[in-house]
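Below is the structure I would like to discuss, written out as structure tokens.
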């Protein structure tokens with residue numbers, strides 16, 4: 001005997017409805033719908049944040065990071081954010097490889113409101129591991145700043161500022177140079193102001209001294225580089241700076257012209273005074289040589 005259409009439809013939809021019902025019951029009981037994903041380290045000059053997805057519903061996140069003893073340390077416990085600042089942990093030793101993971105911890109409704117069910121019945125909450133993070137190798141270098149520059153004759157001198165990091169020693173923040181030593185260098189890319197052709201110069205210090213053409217303006221920018229790295233070895237480009245040799249040449253020209261005008265003016269004044277004195281002397285001599293008339 002054929003089954004009527006409506007009971008057949010209900011029979012087909014029953015598993016779907018049951019699954020949906022169980023999902024709602026699980027969520028209501030505090031079971032997290034899933035684990036964190038897209039775990040990403042965001043780190044510049046050792047300022048380090050771990051980010052992930054998605055935004056939690058009916059559960060919270062807790063981050064764990066391994067210390068040098070291989071023990072898990074809890075950070076950002078019971079947070080509903082999707083990021084956690086781990087800077088204070090990773091700057092303790094920038095040459096250590098850190099492991100981190102994000103745990104999804106469900107809520108539980110109680111007489112005290114919502115509470116987190118952490119490690120219920122001895123079971124560990126679902127978690128997702130982040131990739132291993134070695135600060136010395138993985139932190140990005142921030143945009144450098146050109147501190148000062150000077151072009152004189154055929155030489156251009158450029159000094160790059162030695163930026164501070166969040167790494168501390170004896171309570172004092174260390175500079176990039178103090179952390180990386182000779183592994184840190186800078187690349188200067190420069191060109192004539194009126195040209196598109198570029199040249200580069202590399203230094204292991206913070207200063208450049210390059211040969212240029214006299215009286216020609218130059219534009220340039222700097223990049224930090226970590227020589228031992230295969231990836232993330234260059235920083236973003238600094239703000240481009242340009243010398244203004246036309247102003248320098250104009251200034252020198254004005255000084256020369258001004259000096260010439262001053263000397264000419266002084267000469268004219270002295271000549272005028274001298275001529276006036278001569279005229280007076282001649283007039284006086286004339287009066288002496290002219291015989292006086294008798295009354």
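Here the Cβ of each residue, glycine as well, is placed from N, Cα and C on the backbone.
What Swiss-Prot records for 276 is S-palmitoyl cysteine, and it gives similarity to another entry as the kind of evidence. As annotated by Swiss-Prot, signal peptide applies to 1-28, with the evidence given as similarity to another entry. Under the heading topological domain 'Extracellular', Swiss-Prot lists 29-252, citing sequence analysis as support. Look at Swiss-Prot and you will find 276-295 tagged as topological domain 'Cytoplasmic'. For 253-275, the entry in Swiss-Prot reads transmembrane segment.
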Please average pLDDT over the topological domain 'Cytoplasmic' (276-295) for the predicted structure.
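64, rounded to a whole number.
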For residue 276 (S-palmitoyl cysteine), just count the other CB atoms lying within 10 A of its CB, please.
10
